[in-house]
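The next block holds one structure in the form of structure tokens; read it before the comments.
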Amino acid sequence: MNGCCSQDPTSKRLEGKVAVITGGASGIGACTVKLFVKHGAKVVIADVQDELGHSLCKEIGSEDVVTYVHCDVSSDSDVKNVVDSAVSKYGKLDIMFSNAGVSGGLDPRILATENDEFKKVFEVNVFGGFLAAKHAARVMIPEKKGCILFTSSNSAAIAIPGPHSYVVSKHALNGLMKNLSAELGQHGIRVNCVSPFGVVTPMMATAFGMKDADPEVVKATIEGLLASAANLKEVTLGAEDIANAALYLASDEAKYVSGLNLVVDGGYSVTNPSFTATLQKAFAVAHV
């Protein structure tokens, strides 16, 4: 009879596994690359940020465990190439983490949303996710096992006054995840999403118009804004927290978890911040 705690707390949770991480050169992706390698995985970083990608490989320090491949996730040939490169170099593909994404503009008004911007966000966030899953499934189905992950957003769990292109693209990604889970489960392949609250990343800095600002100023400014809106206080969500969620879903600890949208938002999506704030004000007035 197996014990209920069979996992060695010091073990490498992805030992022997091979992963592709799109958008892996910076932000959540880069943090996940480092964590996956730490836990024994061999990782192919897929990104369009060539300098950052090569720099990350150099930082990790061994081509035996990490490789960079230029990949525009909206290009079928690029995505096919990165999957084929992983199989050619490391012999297989166990994990596809479709993490690449763009935010588009911050303006939440539909009349201010440019058609080309809307299409571009869908091209990267949705079509890019579709291509990642399609080419991962191509090599996973014959092996009758595998794990496909998407980075979604808590904005797809609720309606928020956010940019339509970004929010709707994440809703679409969640739908893709569910459909793939139903189809690919028949081949032993698990499919899940990780949906974070706001995290300070280069993508978010760009969305806030702070791409070239001092990193410490960016961090303090955006974290302050996020903290004021957050439901869970006294703790800050970081890229490492999303990487840890991805690690769990990619590991054998989650071997029977599929079709899940793991929302990492401190309970934000199950609350009504505006109503809560109104009640708090009313309570304060009543007890003056």
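Glycine is treated like the rest: Cβ placed from N, Cα and C.
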Of ASP47, ASP50, ASP252, ASP265, residue recorded by Swiss-Prot at the NAD(+) site of SER26, GLY27, ILE28, ASP72, VAL73, ASN99, ALA100, GLY101, TYR166, LYS170, THR201: ASP47
Top Cα neighbour of SER153 (active site, proton donor) in the set of binding-site residues ASN99, GLY101, LYS170: LYS170
Length of the line joining the Cα atoms of ASN99 (NAD(+) binding site) and TYR166 (substrate binding site), in Å: 14
For TYR166 (substrate binding site), the one of SER26, ILE28, ASP72, GLY101 that lies nearest, given that the binding-site residues are compared by Cα: GLY101
